[in-house]
C-alpha cells in the first residue's frame with residue numbers, strides 16, 4: 001500500500017515522539033505534549049499562509065521582521081494608554097499592511113519576491129528597532145506591563161487544550177478550507193503551475209499576491225499577539241528565529257519551491273514535527289544552536305529531495321550512464 005505524504009508525516013511525528021520519549025520519559029506525558037506546543041506553535045501559524053505563497057510561486061522571508069514590528073507596535077500602543085481592545089485590531093491591521101506592501105512592491109516593480117521580501121525584512125526589522133528605541137525598550141527586556149487579562153490569554157484552555165493550539169487548529173481548518181475545498185484554491189494551484197495559462201483563463205494573477213501576502217501579514221500579527229501574551233513582553237526580536245522553521249515546515253509539508261503544489265495538512269503536521277524536534281533536542285540537553293543547524297540541514301535535505309523527484313528521469317539516466325561506463 002502506497003502512503004500519501006501526510007500519512008508519512010504523521011507516522012514520522014509519532015516515531016519522533018516515541019524516540020525522544022525513550023530517551024526522556026517526560027516526552028511521553030500527554031500534558032507536556034499538549035502544553036509545550038505553546039513554545040513553538042507560532043511556527044505553524046505563519047507556515048500555513050507561507051505555504052500558499054510558495055504554492056503560487058512566490059516567497060516571503062520578511063515574516064520574522066513583521067512579527068517583531070507588530071509586537072513592538074503593540075507595546076508602544078499600550079505604553080501610550082491605548083486600550084487593548086483597540087491595540088489588538090490595530091496590530092492585525094499593521095500586519096495586513098506589511099503584507100499588502102510586499103505584494104504591491106512585487107506587483108509594480110516586477111522584481112523577484114525573494115529580493116523584495118529580503119528588502120522589507122530589513123525595512124520592517126529596522127522599523128521595529130526604531131520603535132523599540134523610541135519607547136526606551138532596548139535589550140532583551142522589551143516592553144512589559146501588559147494587562148493581566150491579555151497575558152493570561154496564552155495560558156487559557158478550551159476543553160483541556162491550550163488556547164494557542166486551539167487557535168492553530170482553527171487557522172489550519174480555515175486554510176485547508178480555502179485551499180483544498182474552494183475556487184480560491186483551484187485558482188491558486190493553477191497560477192502556481194502555469195501563470196500564463198492562468199492569465200488566458202482570466203484569473204486574477206496580479207490580484208492573488210495581495211490576498212496571499214496579506215494573509216501572511218495577518219498571520220504574522222497573530223503570531224506576535226500570541227508570543228507577546230505568552231512571554232508577557234513585546235520585543236523587536238520576537239520573530240527572529242521563526243523564518244527557518246516556518247520555511248522548513250512549509251517545504252517539508254509538501255510545498256513545491258517552484259510553485260504549483262502543496263498541502264495545508266502536510267504543513268500543519270510538519271510544523272508539529274519541527275516543533276517537537278526542537279523540544280525533544282532541548283529536553284535531551286542539545287543546545288539551541290545545534291537545533292537551529294538541524295532545522296537548516298533538514299530544509300536543505302528536503303529541497304534536494306524535492307528537486308531530485310522533479311528531475312527523476314534525469315537522475316535515472318545519469319546513474320544508468322555512469323553504471324554502464326564502470327562495466
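We count from 1, first residue shown onward.
Glycine is no exception: its Cβ is also placed from the backbone N, Cα and C atoms.
With a cut-off of 8 Å between Cβ atoms, the residues of this chain six or more beyond the transmembrane segment (3-23) that come close are 33, 252-254, 263, 265-266, 269-270, 272-273, 276-277, 279-280, 283-284. According to Swiss-Prot, the transmembrane segment annotation covers 3-23 (among others).
Through the fold, the transmembrane segment (41-61) approaches residues 67, 99, 102, 106, 113-114, 117-118, 121, 164-165, 167-168, 171-172, 175, 179, 188-189, 191-192, 195, 208-209, 212-213, 215-216, 218-220, 222-223, 226-227, 239, 242-243, 245-247, 249-251, 253, 255-264, 267-268, 270-272, 274-275 of its own chain, all at least 6 residues removed from its boundaries and within a Cβ separation under 8 Å. The transmembrane segment feature in Swiss-Prot is assigned to 41-61 (among others).
Residues annotated as transmembrane segment in Swiss-Prot: 63-83 (among others). With a threshold of 8 Å between CB atoms, the same-chain residues lying at least 6 positions outside the transmembrane segment (63-83) that come near it are 42, 46, 50, 90-91, 94-95, 98-99, 120-125, 127-128, 131-132, 134-135, 137, 142-143, 145-146, 216-217, 219-221, 223-225, 227-228, 233-243, 246.
Long-range Cβ contacts of the transmembrane segment (86-106) within its own chain (Cβ-Cβ under 8 Å, at least 6 residues beyond either end) map to 58, 60, 62, 66, 69-70, 73-74, 77-78, 113, 116-117, 119-120, 124, 209-210, 212-222, 224-225. The feature transmembrane segment is assigned by Swiss-Prot to 86-106 (among others).
Here Swiss-Prot flags 114-134 (among others) as transmembrane segment, drawing on sequence analysis.
Residues or ranges marked as transmembrane segment by Swiss-Prot on the basis of sequence analysis: 158-178 (among others). Through the fold, the transmembrane segment (158-178) approaches residues 34-35, 37-38, 41-42, 44-45, 48-49, 51-52, 184-185, 219, 222, 226, 230, 264-265, 268 of its own chain, all at least 6 residues removed from its boundaries and within a Cβ separation under 8 Å.
If one looks beyond the transmembrane segment (211-231) by at least 6 residues along the same chain, the residues whose Cβ comes under 8 Å of a Cβ in the stretch are 38, 41-42, 45-46, 48-50, 52-53, 56, 58, 60, 63, 66-68, 70-71, 74-75, 88, 91-92, 94-100, 102-103, 106, 146, 150-155, 164, 167, 171, 184, 188, 238-239, 242. What Swiss-Prot records for 211-231 (among others) is transmembrane segment, and it gives sequence analysis as the kind of evidence.
The annotation transmembrane segment is assigned in Swiss-Prot to 257-277 (among others) on the grounds of sequence analysis.
Within its own chain, the transmembrane segment (283-303) has Cβ neighbours under 8 Å at 20, 23-24, 26-27, 241, 244-245, 247-248, 251-252, 257, 274, 277, counting only residues six or more beyond its boundaries. For 283-303 (among others), the entry in Swiss-Prot reads transmembrane segment, with the evidence type sequence analysis.
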